[in-house]
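In what follows, a structure is listed as structure tokens, so that the remarks can point back to it.
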Amino acid sequence: MKVLVINSGSSSIKFQLLDMQDESVLASGLVERIGEAEGLIKCELRPDTDAEEVIKIQEPVPNHEHGMRKAVDLLTDADKGVIKDRSEIGAVGHRVVHGGEAFHQPTLITDEVIAAIENTIPLAPLHNPANLDGIKVARELFPAAPQVAVFDTAFHQSIPPHAYHYALPIELYEKHRVRRYGFHGTSHKFVAGECAKVMGKKLEDVNIITVHLGNGCSMTAVEKGKSIDTTLGLTPLEGLVMGTRSGDVDPAIYAFLARNCDMDIDAIDNMLNKKSGLKGLCGMNDMRDIHSAIEKGDKMAKLALDVQTYRNRKYIGAYMAALGHVDAIVFTAGIGENDNIVREKTVEGLEAFGIIMDKKVNDQRVKKPTLLSTKESAVQIWGIPTNEELAIARQAVEVVA
Ligand code: ADP
């Protein structure tokens with residue numbers, strides 16, 4: 001079966017077409033700057049093969065429907081296309097950021113499901129409307145293909161009440177569903193599954209801490225295949241230090257800034273999400289730039305690295321306590337896969353807890369599942385590339401089956 005995976009954002013659509021017979025990627029692309037004066041449609045056809053072809057079209061993309069139609073035209077192009085007709089697509093998998101408490105697993109999209117996703121818009125006002133746009137367009141373009149929603153929050157619905165409740169007046173949960181939801185669930189679930197496989201174990205028999213470090217960062221305690229705690233919360237702001245997001249701060253910071261710094265709620269929210277994290281500390285949010293700056297003696301860049309890796313280490317300790325016993329720690333995503341220094345500093349000083357990195361093996365970019373710990377390490381440390389598109393496509397196939 002051929003599965004089209006769609007990740008529809010407010011001004012962009014990422015898509016990938018996979019042949020699930022051998023899980024190969026037939027095409028992978030991006031529609032950018034939707035609604036702006038100049039848009040971009042980029043598509044790699046047959047990547048990873050000798051017949052690879054990259055197509056870039058610069059033209060205005062007024063809306064998601066236009067963008068999606070253009071992308072499908074490339075997939076079905078008579079000369080260069082990878083399928084003859086849209087009807088070859090057997091299922092469409094959609095990334096949906098927030099499923100609230102309604103969705104614990106990937107779900108076949110119906111009118112009722114769309115209404116339920118609409119109900120969670122207050123929890124993800126930027127993301128869910130854009131995800132819904134993608135779903136609506138795909139339903140029109142592929143009327144015969146089953147459409148499956150795969151939620152970033154679903155994997156974390158197994159988190160028990162003592163870990164998902166905030167110690168706030170309980171009415172806030174009862175009336176407004178204020179609680180921890182967690183995100184990046186598709187990635188955490190995928191790398192936990194891959195980790196068990198490469199360890200030669202059943203997922204149900206191991207406890208794993210998954211560390212997703214990209215622009216957004218989060219860590220999850222996975223007990224026997226189930227998420228029992230995760231660092232992102234009601235929104236994707238809590239926990240680890242991210243590219244531009246602060247992660248944990250004293251919640252009273254809102255009141256302090258409002259009273260003392262002449263900032264209103266929107267300004268504070270914007271600052272915590274877009275001007276904080278690594279960028280807030282040193283003016284850069286890309287780890288590659290931060291390392292170059294450190295090499296040139298930039299003290300604030302060094303501080304940003306230290307703050308991020310210390311926070312990572314602190315949460316590893318917390319999740320070791322939450323899990324009781326840990327078999328493996330997995331690093332994934334842009335920083336987790338590529339940055340040996342961040343990985344090394346994250347587990348530095350944890351030898352007494354049975355976490356011993358093999359610094360020589362760690363000194364590389366991880367392109368496939370790679371064991372990064374020494375033989376003596378009681379806890380295995382792995383670098384495992386995440387693949388959210390493949391994870392979504394697999395789940396779409398399962399739902400359709
Ligand atoms: P997103 O959360 O947007 O999916 P990614 O997982 O792609 O992000 O991660 C992007 C981040 O990964 C970049 O901002 C950068 O900090 C980091 N990164 C990418 N490549 C490297 C590299 N070679 N070395 C260090 N960091 C890298």
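Cβ atoms here come from the backbone N, Cα and C positions, even for glycine.
Here is what TrEMBL records for this protein:
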{"type": "ACT_SITE", "residues": "ASP152", "note": "active site, proton donor/acceptor"}
{"type": "BINDING", "residues": "ASN7, GLU388", "note": "Mg(2+) binding site"}
{"type": "BINDING", "residues": "LYS14, HIS212, LEU213, GLY214, ASN215, GLY216, ASP286, MET287, ARG288, GLY334, ILE335, GLY336, GLU337, ASN338", "note": "ATP binding site"}
{"type": "BINDING", "residues": "ARG95", "note": "substrate binding site"}
{"type": "SITE", "residues": "HIS184", "note": "site 'Transition state stabilizer'"}
{"type": "SITE", "residues": "ARG245", "note": "site 'Transition state stabilizer'"}
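Residues ASN215, ASP286, ARG288, ILE335, taken from the recorded positions ASP152, HIS184, ASN215, ASP286, ARG288, ILE335, are distinguished by a CB atom under 6 angstroms from ligand 1. The two recorded residues, GLU337 (ATP binding site) and ARG95 (substrate binding site), have Cα atoms 22 Å apart. Annotation for ARG245 (site 'Transition state stabilizer'): same-chain Cβ neighbours under 8 Å, separated by at least 6 residues, are GLY216, PRO236, LEU237, LEU272, ASN273, LYS274, SER276, GLY277. The recorded positions in question are ASP152, ASP286, GLU337, GLU388, and the one with the fewest Cβ neighbours inside 10 Å is ASP286. Annotation: ASP152 are the recorded positions among ASP152, LEU213, ASN215, ASP286, ARG288, ILE335 whose CA atoms are within 10 angstroms of the CA of ARG95 (substrate binding site). Considering only the recorded positions LYS14, HIS184, LEU213, ASN215, ASP286, ARG288, the residues lying within 10 A of GLU388 (Mg(2+) binding site) on a C-alpha to C-alpha basis are HIS184. Considering only the binding-site residues LYS14, ARG95, ARG288, the Cβ with the fewest other Cβ atoms within 10 Å is that of ARG288. Within 10 Å of the residue listed as 'active site, proton donor/acceptor', counting CA to CA, the recorded positions LYS14, HIS184, ASN215, ILE335 contribute HIS184.
LYS14 (ATP binding site) carries a strand DSSP state (E or B). Per-site Cβ counts within 10 Å over the binding-site residues ASN7, ASN215 peak at ASN7.
Cα separation, ASP286 (ATP binding site) to ASN7 (Mg(2+) binding site), rounded: 22 Å.
Counted within 10 Å of its Cβ, the other Cβ atoms near LEU213 (ATP binding site) come to 28, all protein chains included.
Taking the Cβ of HIS184 (site 'Transition state stabilizer') as centre and 10 Å as the limit, one finds 30 other Cβ atoms among all the protein chains shown.
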